[in-house]
Amino acid sequence: MENTQRSVIVTGGGSGIGRAVARAFAARGDRVLVVGRTAGPLAETVDGHKEAHTLAVDITDPAAPQAVVREVRERLGGVVDVLVNNAATAVFGHLGELDRTAVEAQVATNLVAPVLLTQALLDPLETASGLVVNIGSAGALGRRAWPGNAVYGAAKAGLDLLTRSWAVELGPRGIRVIGVAPGVIETGAGVRAGMSQEAYDGFLEAMGQRVPLGRVGRPEDVAWWVVRLADPEAAYASGAVLAVDGGLSVT
């Protein structure tokens, strides 16, 4: 495979899957713009990668898409080969426990922000015959219920529908769209969503026992697939949602 340099955007790149994806692209020499809310974690993501740049912005801010567009012009040569819509927010709680702020925050980050950012980047994506990768969730696949995390799951299920619909809409413009649906990945997201560390550790242990491969995933497990899907050899793949979950979603 010819190792040509690509221009890549990764949202939610300050930790977890986003950090692993950004580092994986940067390690192969791609120009990477890592987007996230907080400058410090973003700086840690790009440390040691001279072609990686950061943009600290809340992706739900109405001004965020145009801020990214400006960085594309200044840092990425005006083209986008790969856009990874990874930024996510989860708030655990059953229906009677969620307030409006928690509901709207999850929909804004997990569903609305990818729509508006992808829309803003259509021209640089088309110029590059680019790829959009939407990071969903294996928990949103199929017909399995997800009590306590239903709003997050509903938003991620909506993202999967966007993946399939955009593949049809944008294919004539030379843009591919693929979904990657991680299973239970050890990212610390549960603690950030309100779980205690003890509860989160117990959750990971229990889920690892349910996964056919016998363990929960690592961020690098997901990043490997995202990078491979951007390779020229994958150029005929579009509209699919790939579960990276150790087989959990088919149990």
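Just so you know, glycine gets a Cβ as well, placed from its N, Cα and C.
Since we're looking at a predicted model, the values are computed, not measured.
Per Swiss-Prot, NADP(+) binding site is recorded for ASP58, ILE59, ASN86, TYR152, GLY153, ALA154, ALA155, LYS156, ILE185. With a cut-off of 8 Å between CB atoms and residues at least 6 apart in sequence, the same chain places GLN106, VAL107, ASN110, LEU111 near ALA155 (NADP(+) binding site), listed in sequence order. DSSP classifies ALA155 (NADP(+) binding site) as helix under the three-state reduction.
Cβ neighbours of TYR152 (active site, proton acceptor) (same chain, under 8 Å, six or more residues apart in sequence): ALA88, THR89, ALA90, VAL91, GLN106, ASN110, SER137, TRP146. The active site, proton acceptor annotation in Swiss-Prot covers TYR152.
Taking the Cβ of ASP58 (NADP(+) binding site) as centre and 10 Å as the limit, one finds 17 other Cβ atoms among all the protein chains shown.
In the three-state DSSP reading, ILE185 (NADP(+) binding site) counts as strand.
Applying an 8 A CB threshold to same-chain residues 6+ apart, the list for ASN86 (NADP(+) binding site) reads VAL10, THR11, GLY12, GLY13, ILE17, GLY18, VAL21, ILE135.
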